[in-house]
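Only one structure is covered here, and it is reproduced in the block below.
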Amino acid sequence: MKRTAALLEVLSIYLAAGALEDKIISLMVHWQFAVPASPLDLLTAHATDADLLLATRRLLLIWLLQYGSYFLLIIPLNWWYRRRGPAAYGLTRAGNTWGWLLSAGVTAACLSECPVLIHSLVDTVHPLGAMAPWRQAFFDMSWRRWQFWLFAAVLSYAAVPVLEELLFRGYYQRRLAEDWGDGPAIVGTSCLFVFAHRQYLIPNAYNITMVASLFCLAAGLGIVFAYTRSLIPSMIAHAIINIPMTPGWQLATLIAFVIGIVMTFRAGALATRTVFRHTAPAACVLLALIGTAYVIASQRMMFLSSVSIIFLIIAIVLEWLERRRKVPAT
């Protein structure tokens with residue numbers, strides 16, 4: 001029952017938060033607050049400095065609405081069920097020094113991010129296929145202005161590592177791990193993470209190889225979170241790979257990472273064995289298949305947003321029954 005409740009809770013939150021966000025936006029429109037359209041849909045390679053500043057403000061508001069909607073559901077629910085506070089979401093050093101956590105983050109980057117860098121370098125030499133229009137515009141515009149780097153901070157290397165790690169590792173993975181164990185939770189959450197990035201679902205060689213590379217990255221982020229019980233290393237690793245780089249910088253980073261692999265491979269292997277000890281392969285496969293199918297189906301079957309509300313209600317009922325079962329009789 002606990003496993004079913006955990007899975008239904010995670011799947012329901014994934015879509016129910018979007019429905020909550022839509023309701024919040026509807027209220028904002030009703031109260032005559034300005035609600036920004038997605039700036040990514042309007043992004044072009046010829047965006048001016050003023051365009052980028054406007055896009056930055058709009059994107060920041062969208063992130064606040066989107067992730068705020070998730071945690072408006074997550075925080076009360078997890079506090080009610082198991083009294084989960086900030087430390088449970090990874091907002092802690094977990095008894096480690098800042099230097100050790102920084103080292104763990106760099107190690108995770110070295111061991112999990114080479115496939116993404118290799119993919120990008122191969123695409124530079126031999127284009128693998130079309131990418132989402134806004135991504136193409138992002139790479140084609142001028143990077144020699146502070147407005148670009150401010151926009152990139154919100155889009156990729158500053159805001160997103162914090163927000164995505166809080167949601168995917170701090171909530172999804174942690175919640176699944178409570179009842180399924182770390183191994184299945186890492187695999188299942190990695191699939192959620194990869195396929196939630198809709199810009200990579202265009203069927204061509206570029207996106208197929210990008211999906212595989214992203215899975216390696218997501219697994220690495222999941223392992224370092226499970227091993228350290230802190231989000232700081234995964235946020236650091238996530239931020240490193242999200243920094244926009246020219247091919248020259250990508251090559252230099254790849255070389256540095258290869259050297260890092262030689263130096264840190266044994267530590268990474270130890271962490272992986274520790275995290276996946278006593279892991280049932282069948283549970284990993286099950287969560288991977290369910291997570292992948294659910295995310296892809298949710299992008300094509302709009303009625304699943306309504307189904308997610310039913311999932312959430314069932315999860316709450318199961319969790320309530322579990323809480324009652326644990327209360328000692330008087």
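For all residues, glycine too, the Cβ spot is worked out from N, Cα and C.
Since the structure is predicted, the reported quantities are computational estimates derived from the model, not experimental observations.
Marked as transmembrane segment by TrEMBL: 60-80, 100-122, 148-168, 205-228, 248-267, 279-297, 303-321. If you look up TrEMBL, you'll see 147-243 marked as domain 'CAAX prenyl protease 2/Lysostaphin resistance protein A-like'.
With DSSP states grouped into helix (H, G, I), strand (E, B) and coil, the domain 'CAAX prenyl protease 2/Lysostaphin resistance protein A-like' (147-243) comes out at 86 helix, 0 strand, 11 coil. A Cβ distance under 8 Å defines the sequence-distant neighbours of the transmembrane segment (248-267), meaning residues of its chain 6+ beyond its ends; these are 106-107, 109-111, 113-114, 117-118, 120-121, 124. Within the same chain, residues 9, 13, 16-18, 20-21, 24-25, 36, 38-39, 88, 154, 159-160, 163, 166-167, 171, 175, 312, 316 sit at least 6 positions outside the transmembrane segment (60-80) and bring their C-beta atoms closer than 8 Å to a C-beta of that stretch. Across the domain 'CAAX prenyl protease 2/Lysostaphin resistance protein A-like' (147-243), mean pLDDT in this model comes to 95.
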